[in-house]
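For reference, the structure discussed in these notes is given below.
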Amino acid sequence: MSMTADVYDRRQDRRPWLKRLADASEPYLYSAPALILIIVVMLVPLVVGISYAFRDIQLLNPFSGGFIGLEHFETLSKDRAFYTALKNTLWWTGASVFLQFGFGLILALLLDKPFMGRGLVQALVFLPWAVPSFLAGLNWSWLFNPVIGPIPHWLFDLGLMSQPGNILSDPQYAMWGPIIANVWWGIPFFAITLLAALQSIPRDLYEAASIDGASWFQRFWSITLPFLAPTIAITVLLRTVWISNFADLIVVMTGGGPADRTQIVASYIFTQAFKALDFGYASAIALVLLVLLLAYSMLIILLRQTLLNKG
Amino acid sequence: MTQQIELSGVNKYYGAYHALRDINLSIPKGAFVALVGPSGCGKSTLLRSLAGLETISSGDLVIAGERMNDMPPRKRDLAMVFQSYALYPHMTVEQNLTYSLRIKGVKKAEAKKAAEEVAAITGLSDLLHRYPRELSGGQRQRVAMSRAIIRHPKAFLFDEPLSNLDAALRVHMRKEIRALHDRLGATSVYVTHDQVEAMTMADHVVIMRAGVIEQQGRPLDLYDRPANRFVAGFIGSPAMNFIPARTSDDGTSLILDLPGAPVLAMDLDLPPGHAVSVGIRPEHLSLATADMPGFNVPVAAIESTGAATFVTTETTPEIVLVLNGRSTVSAGETIHLTFEPKNIHVFDAGSDQRIEVGTVLTQAKTAS
Ligand SMILES: Nc1ncnc2c1ncn2[C@@H]1O[C@H](COP(=O)(O)OP(=O)(O)OP(=O)(O)O)[C@@H](O)[C@H]1O
Ligand SMILES: [Mg+2]
């Protein structure tokens with residue numbers, strides 16, 4: 001009671017000060033519910049997850065769970081498998097994004113022209129995107145399997161293979177299996193977004209350019225690309241982050257094998273967490289991946305900013 | 001005179017829709033030709049067919065002596081100014097102007113010099129480093145014009161280039177475009193739906209309707225001798241009055257289908273007993289005292305712009321006349337209208353085609 005009285009008194013004599021405080025805090029109070037919700041939903045799990053990286057958490061060891069500082073990171077810095085995975089991640093992400101983007105752009109350019117049955121083709125093209133990634137992985141591993149799938153036999157007939165074998169078990173080419181599956185699966189994403197961007201380019205610009213004497217390629221270079229650039233930047237950024245985190249196809253198709261040749265960081269995390277059941281170490285790897293991807297995103301955003309400022 | 005552009009028997013179909021019907025048009029070098037007609041008549045289609053943005057379905061298109069039917073736009077060496085201007089939004093004014101030159105492989109310094117020269121002509125010198133979004137509508141229009149001029153093309157094609165400007169600027173640009181055309185010795189094809197623009201700018205006006213060329217010729221010839229009722233009604237503002245009428249049994253006079261059936265005994269040479277439509281332009285009607293030849297009509301409304309007074313009559317169809325300056329006429333009054341007989345146009349009521357009127361000997365007498 002005395003406190004309320006005190007507050008009341010203060011308010012009596014120092015009203016402008018309190019009022020100022022109330023006014024200043026008003027926007028925070030209004031946004032508090034949303035902010036609290038965001039913090040609880042987004043930040044808390046993140047912090048908890050990050051904290052695992054500094055603790056010894058092994059599912060099969062009931063005495064684990066203690067704080068061990070940077071020990072995981074020391075182990076990680078000497079872990080050859082991790083460096084292989086890092087290299088594989090670069091290869092996997094680079095090849096997948098590049099091919100998805102390339103084919104997606106070609107497909108978008110083709111679909112941008114009117115032709116008979118375009119509606120149907122558009123619907124069909126976007127189908128792979130609707131296939132669950134695990135199903136896609138299973139499907140493609142069967143296609144690559146010489147016992148039940150046709151692809152090895154085709155490659156053999158074309159003389160690209162000395163005998164119809166399974167490339168998924170060939171250490172030299174195994175990575176191409178998940179990459180091809182990933183490209184098949186991810187082309188629609190690029191095709192859809194790039195097609196939408198293409199269709200927003202005013203047609204009369206192309207007409208003006210062709211009257212100005214520009215060939216198809218010159219029009220593509222001086223009109224299409226500049227208009228697509230922002231979309232390309234943002235989709236490539238998103239896909240890069242997403243694909244380097246995307247372990248589904250690899251886990252389903254090769255499990256990281258043969259001999260870790262297809263092990264990427266994301267699938268390595270999966271292996272550590274659910275095969276070795278070492279959650280602490282898996283979290284440490286995940287944290288490193290997070291930092292690398294953040295750095296990459298920053299770089300791209302900076303690059304885009306400078307490009308925009310220049311243009 | 002050499003023909004810069006020649007169209008013979010050109011047809012264009014959009015699917016089953018017949019957008020251009022048997023178009024024949026010759027444009028001499030150095031001419032300024034206007035294509036006019038109501039919305040949807042195929043003006044833009046014709047212009048775009050010239051540019052190569054549409055392919056014609058049949059007929060011949062010859063530009064500077066070369067058959068161009070199947071030539072892609074970039075090889076036709078024409079320049080076009082779009083209604084939307086179609087400026088490249090991601091390029092500066094200078095880059096917009098020099099785009100065609102850069103494509104041709106002209107050296108950078110040379111292109112820059114050309115851009116500066118053209119900008120000096122069109123008054124864009126201070127704006128060369130701006131982007132199109134940083135320009136006013138009139139300035140964008142100038143950029144679009146300059147982009148065409150810089151190329152010294154075989155012909156300029158304009159698709160309603162002034163329709164996005166306000167009235168005052170439009171009148172100003174009209175003169176400027178025409179002056180530029182003369183200065184460059186260019187050949188221009190100019191699409192507009194504004195017949196005043198067509199009449200004032202062009203040497204040769206082509207009037208289109210529903211994909212057909214209704215009439216073409218010098219502006220004043222179209223005004224003086226419209227070939228049919230459509231052209232007569234289209235050229236001139238306010239539009240020509242059409243009064244249903246019948247020729248007398250001897251074919252020498254016209255009996256107007258107005259109250260009191262006034263007879264214009266004009267000693268004409270017309271097919272006897274024939275249904276016709278008599279056209280008189282508002283500016284050719286004038287007020288007269290009752291003892292003069294003419295006919296009486298009641299007044300429905302008066303509108304004055306200060307410089308001119310527009311009188312609308314209480315008849316079916318209503319008749320509009322324009323009087324210079326102010327007038328004391330007021331609504332409800334009956335006025336006596338008269339006109340010079342040489343100023344009437346007679347059209348067949350069925351085919352709407354012009355009927356040539358024989359020599360007019362005497363002024364009209366009235367029976368009403
Ligand atoms: N791509 C197309 N497909 C089908 N019909 C078309 C196409 N383009 C134009 N048309 C039709 O052809 C006719 C002529 O069109 P056009 O654009 O030439 O008219 P216009 O005379 O320029 O009219 P406006 O003054 O309104 O610009 C119109 O009836 C239009 O509907
Ligand atoms: Mg048009």
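Cβ coordinates are placed from backbone N, Cα and C, and glycine is handled just like the others.
Please treat TrEMBL annotations as automatic predictions, because they have not gone through curation.
The list of residues near the transmembrane segment (A:28-54) in space but at least 6 beyond its ends in sequence, with Cβ under 8 angstroms from a Cβ of it, reads 67-70, 72-73, 279-280, 282-284, 286-287. Sequence annotations record features per position, and here TrEMBL assigns transmembrane segment to A:28-54 (among others).
What TrEMBL records for A:86-300 is domain 'ABC transmembrane type-1'.
If you look up TrEMBL, you'll see A:90-111 (among others) marked as transmembrane segment. Sequence-remote contacts of a segment are chain residues at least 6 beyond its ends whose Cβ falls under 8 Å from one of its Cβ atoms, and for the transmembrane segment (A:90-111) they are 118, 121-122, 125, 175, 178-179, 182-183, 186-191, 194-195, 198, 232, 235-236, 239-240, 243-244, 250, 262, 264.
For A:123-144 (among others), the entry in TrEMBL reads transmembrane segment. Counting same-chain residues at least six beyond the ends of the transmembrane segment (A:123-144), those with a Cβ under 8 angstroms from any Cβ of the stretch are 107, 111, 150-152, 166-168, 177-178, 180-181, 184-189, 191-192, 246, 248-249, 251-254.
The annotation transmembrane segment is assigned in TrEMBL to A:173-198 (among others).
Within the same chain, residues 92-93, 96-97, 100-101, 182, 186, 189-190, 193-194, 196-198, 200-201, 205-206, 209-210, 293, 296-297, 300-301, 304, 307, 311 sit at least 6 positions outside the transmembrane segment (A:219-243) and bring their C-beta atoms closer than 8 Å to a C-beta of that stretch. Per TrEMBL, transmembrane segment is recorded for A:219-243 (among others).
The transmembrane segment annotation in TrEMBL covers A:279-303 (among others). With a cut-off of 8 Å between Cβ atoms, the residues of this chain six or more beyond the transmembrane segment (A:279-303) that come close are 49-50, 52-59, 64, 68, 72-73, 75-76, 82, 233, 236-237, 240-241, 244-245, 265-266, 268-270, 272-273.
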Cβ contacts under 8 Å made by the transmembrane segment (A:173-198) with residues that lie 6+ beyond its boundaries: 88, 91-92, 95-96, 99-101, 103-105, 107-109, 111-112, 125-129, 131, 133, 136-137, 139-141, 144, 167, 224, 227-228, 231-232, 235, 239, 243, 246, 249-250, 253-254, 257-258, 261-262
